[in-house]
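If you check Swiss-Prot, you get these features:
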DNA_BIND  158-181  DNA-binding region
BINDING   Cys68, Cys91, Cys93, Cys116  [4Fe-4S] cluster binding site
DOMAIN    136-199  domain 'HTH crp-type'
REGION    19-97  region 'Sensory domain'
REGION    111-131  region 'Dimer interface'
Amino acid sequence: MSESAFKDCFLTDVSADTRLFHFLARDYIVQEGQQPSWLFYLTRGRARLYATLANGRVSLIDFFAAPCFIGEIELIDKDHEPRAVQAIEECWCLALPMKHYRPLLLNDTLFLRKLCVTLSHKNYRNIVSLTQNQSFPLVNRLAAFILLSQEGDLYHEKHTQAAEYLGVSYRHLLYVLAQFIHDGLLIKSKKGYLIKNRKQLSGLALEMDPENKFSGMMQ
């Protein structure tokens, strides 16, 4: 806890009730449709947010990277339908019991202020992502997406979900993936695609982010 900024998010000392959780890659930090019992603070690792749509399709919504809260919307709104949060890689989270701390945290001005800043940053990042989807070619967006979602240099997202997230056709996605293989950026394997040239992929991704504001998400 001393190595993170977690304790600085609250006016009250929450050390006694803070727990440490460890999640392996592909473990679920939050199960869809189940109210989380804990307010998580991701201190290390990356995770993805999923939602099941009315037609039964599973849609990839967003990515999280440490440090950030997970479950803060459910803390504020008890009626909010929880979405699935899955670890992309090994994740470590500090956590507070949601039920016990909800009344206290909803009256903690420091926590609420930090939460407002966090949510505004998420909203800004989503706006930037939408703008990038409209303004940059798929080679740049797919490079960033691969770096966001890769697990130990292995990219294995479902093509249907990736195409939907990037707002392109399935065929267009496969065409650019084949181009990356031809250019030596990726190697096709049985489990997915191995990243062969991270530097070149990062260069393509950072063309959309010259100020490196989101480069921490792509470690």
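Glycine is no exception: its Cβ is also placed from the backbone N, Cα and C atoms.
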Assigned element (helix, strand, coil) containing Cys93 ([4Fe-4S] cluster binding site), judged by DSSP: strand
Non-local residues, at least 6 beyond the ends, that sit with Cβ under 8 Å of the region 'Dimer interface' (111-131): 9-11, 62, 68-69, 72, 76, 105, 213-214
Sequence-distant neighbours of Cys91 ([4Fe-4S] cluster binding site) in its chain (C-beta under 8 A, six or more apart): His22, Phe23, Asp27, Ile29, Leu42, Arg44, Gly45, Arg46, Ala47, Ala66
Surrounding CB atoms that lie within 10 Å of the CB of Cys93 ([4Fe-4S] cluster binding site), all protein chains: 25
Count of other CB atoms lying within 10 Å of the CB belonging to Cys116 ([4Fe-4S] cluster binding site): 10
DSSP three-state assignment (helix, strand or coil) for Cys116 ([4Fe-4S] cluster binding site): helix
Secondary structure tally of the DNA-binding region (158-181) (DSSP, helix then strand then coil): 20 helix, 0 strand, 4 coil
Neighbour tally for Cys68 ([4Fe-4S] cluster binding site), based on other Cβ positions within 10 Å of its Cβ: 15
